[in-house]
């Protein structure tokens, strides 16, 4: 039986934030959620999240997770105290207990599996992950005696000689839960921090083993915004390197961010300052950017999107968008269409070969195939209470500065005169025009003030 305990009760004072530390995000997911995701890969029988500071916020953030049990630690008196509370609340202490911090978001499932394998193969009382750091400041030092761990000394309790040891405790443990439960309540806060340390159990258990892993960033704990930024950078480098090896070009890799869920096809060029968020999919031979933000959207083959934002929409094949366009949720731009500069599309569908080239707002609309929308066109979709739809049939030509007062339905091959305010439906092959006749008054003189 495998149980997991994730320590997430701390205040995270050094983050200087009103948000609990474990709820800060790396590439769109909270630190805690990333740790949970790694642990789920192990297929544990149960997962305990031990929380304390702003526990309701933490619990709400993971409310959709299955097999998660919340344990409240009050007051927060150290890692050992957290496990004491867990052991009191859980009656059966069977099998293995994996304990890790909620602020190590890059921990890999494969590393955790290696730890579990070592623990099982050696029938250990406790096994933990260690690594050697060039600068071990802030970490507990691990001291070995032969193949076994003799003791762990926390940074603030180290003397000068002990601080020279570069082998550190990564804060990831696998215990024989039965043996741990026999000694856990004997722990005391006899240290400079006046906290109950889980590390004190190491010297009390006979068969204590170390799994030393390379310091490659996955064990980085997050205590401040600098470390949060470093962790984000490590994550982003890993994501972008994967895409580059699969045929994606980044013009300025450091200025871009890509979500883990994003899919990018071969021969896509990602220009500078481009950000792909959420479940975004980019098909092959696209040029995305510069200065472009796409979230939870589909982009088809051979598209170009420049200096624009796209949210929760579908951009089909061979489409050009931008610069300075805003595609809002629930929009679909069909193949061979063009969205030009300073255009906003919202909850609308444009059929194939349609064009909205300049300075227009298209909201709650259906635009037919091969229709051209002139500069400055507005669909006035809101009457103060409700949104209404505009429908324009295929092969239509909409004059510049046309305003459609929805709800309205235009047939196929309709033309509107420039500057018209269209308030009535129009049939196929008609001209709709609504404007006053121009009057020129000769010899006009403006009044002088």
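Positions of Cβ are set from backbone N, Cα and C atoms, glycine also.
Per Swiss-Prot, the features are:
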- 358: active site, proton acceptor (ACT_SITE)
- 7-10, 21, 73, 78-79, 140, 154, 169, 223, 328, 346, 361, 372: UDP-N-acetyl-alpha-D-glucosamine binding site (BINDING)
- 103, 223: Mg(2+) binding site (BINDING)
- 375, 418, 435: acetyl-CoA binding site (BINDING)
- 226-246: region 'Linker' (REGION)
- 247-449: region 'N-acetyltransferase' (REGION)
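Shown here: features listed in Swiss-Prot, placed on the structure.
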| residue | record | Cβ neighbours (10 Å) |
| --- | --- | --- |
| 7 | UDP-N-acetyl-alpha-D-glucosamine binding site | 26 |
| 9 | UDP-N-acetyl-alpha-D-glucosamine binding site | 28 |
| 21 | UDP-N-acetyl-alpha-D-glucosamine binding site | 25 |
| 103 | Mg(2+) binding site | 26 |
| 223 | Mg(2+) binding site | 16 |
| 328 | UDP-N-acetyl-alpha-D-glucosamine binding site | 17 |
| 358 | active site, proton acceptor | 15 |
| 361 | UDP-N-acetyl-alpha-D-glucosamine binding site | 20 |
| 375 | acetyl-CoA binding site | 19 |
| 435 | acetyl-CoA binding site | 12 |
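Sequence-distant contacts of the region 'Linker' (226-246) (same chain, six or more residues past either end, CB-CB distance under 8 Å): 15, 24, 26-27, 105-106, 217, 220, 253, 256-260, 262, 264, 266. Around residue 418 (acetyl-CoA binding site), taking its Cβ as the centre, 15 other Cβ atoms fall within 10 Å, counting all chains. The separation of residue 375 (acetyl-CoA binding site) from residue 21 (UDP-N-acetyl-alpha-D-glucosamine binding site), Cα to Cα, is 49 Å. Cα spacing between residue 358 (active site, proton acceptor) and residue 435 (acetyl-CoA binding site): 22 Å, rounded to the nearest whole number. Sorted by the number of other CB atoms within 10 A, the binding-site residues 78, 140 start with 140, the lowest. In this structure, the CA atom of residue 140 (UDP-N-acetyl-alpha-D-glucosamine binding site) is 66 Å away from the CA atom of residue 375 (acetyl-CoA binding site).
Secondary structure at residue 103 (Mg(2+) binding site), as computed by DSSP, is coil. The two recorded residues, residue 435 (acetyl-CoA binding site) and residue 361 (UDP-N-acetyl-alpha-D-glucosamine binding site), have Cα atoms 20 Å apart. Separation of the C-alpha atoms of residue 78 (UDP-N-acetyl-alpha-D-glucosamine binding site) and residue 223 (Mg(2+) binding site): 15 Å, rounded to the nearest whole number.
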